[in-house]
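Below: one structure, written as structure tokens.
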Amino acid sequence: MAFVGVLALQGSFNEHIAALRRLGVKGVEIRKPEQLETVASLIIPGGESTTMAKLAEYHNLFPALREFVKMGKPVWGTCAGLIFLANKATGQKIGGQELIGGLDCTVHRNFFGSQIRSFEAELAIPELAAKEGGPEVFRGVFIRAPAILDVGPEVKVLADYLVPSNEALDSNSAVEAQEENTGSEKKVIVAVRQRNLLATAFHPELTADTRWHSYFLKMATETGEEASSSIVAVGADLNLDQQPKIDLPIFQ
């Protein structure tokens, strides 16, 4: 029997586990490659992406994570997790960072600037609302957030954001952003899906709205997984070896 995994190297993994719990699902902290064999799907949380990459490399997780993606198992990356899943990332620190890849897009690591530029915004989410019900908008929490600059033909855009012309961005961000029709605003993509991969530039786990988590859980069925046997209810007994938590800043 498999579980819903949450990569727990650093970042907001506890918040994702709490959101899953509100849906009656057990989330399992993943820190070792062999633990991926026990889960049917995986959430890669927001956090400090360079730190997360270094810890993943230290624990030799990248080969197992790439294989997990190639097997077609559902993977959702939020904020830093989006960066991990992208095939290409710009705006990285000197030396860059290792990526898992699989998501045919280019992401700008700190598109919206430093942490003091963090914000919340109402996002139109027609597909999510159609499948999960509720309002036609979602309150996105953007914390030192990335943005998707372009996507491949197999990537479905689930949400985008119009950046006001007077909103300060990272100095290298605006150059690559898509121009909106008005010419005074720039449109960037903030949520996408490509087959078994889901990615959001914002943090649904920091809100009370669990529709993104519900949408992700249903992807197991849509991508050919046996959802009925892979999702474990809260209260199930787990015997996974766990390492001490690493307390570092949580945001990308």
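Glycine is treated like the rest: Cβ placed from N, Cα and C.
According to TrEMBL, the L-glutamine binding site annotation covers Gly47, Glu48, Ser49, Arg109, Ile143, Arg144. Marked as active site, nucleophile by TrEMBL: Cys79. Marked as active site, charge relay system by TrEMBL: His203, Glu205.
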**Asked** Can you tell me how far the Cα of Glu48 (L-glutamine binding site) sits from the Cα of the residue listed as 'active site, nucleophile', in Å?
**Response** 9
**Spatial neighbours of Arg144 (L-glutamine binding site), counting only the active-site residues Cys79, His203, Glu205 and Cα distances within 10 Å** = Cys79
**Request:** For the recorded positions Glu48, Glu205, work out the Cβ neighbour count at 10 Å and name the residue with the minimum.
**Result:** Glu48
**Request:** Quick one: pull the CA-CA distance for Gly47 (L-glutamine binding site) versus His203 (active site, charge relay system), whole Å only.
**Result:** 10
**Integer Å distance between the CA atoms belonging to His203 (active site, charge relay system) and Ile143 (L-glutamine binding site)** = 8
**Complete:** The largest Cα to Cα distance in Å among the residues Gly47, Glu48, Ser49, Arg109, Ile143, Arg144, listed in the record as binding L-glutamine, is 13
**Message:** Between Ser49 (L-glutamine binding site) and Glu205 (active site, charge relay system), how many Å separate their Cα atoms?
**Reply:** 17
**Prompt:** Around His203 (active site, charge relay system), which residues of its chain at least 6 apart sit with Cβ under 8 Å of its Cβ?
**Reply:** Ser12, Glu15, Gly46, Thr78, Cys79, Gly140, Val141, Phe142, Ile143
**Message:** Between Glu205 (active site, charge relay system) and Arg109 (L-glutamine binding site), how many Å separate their Cα atoms?
**Reply:** 20
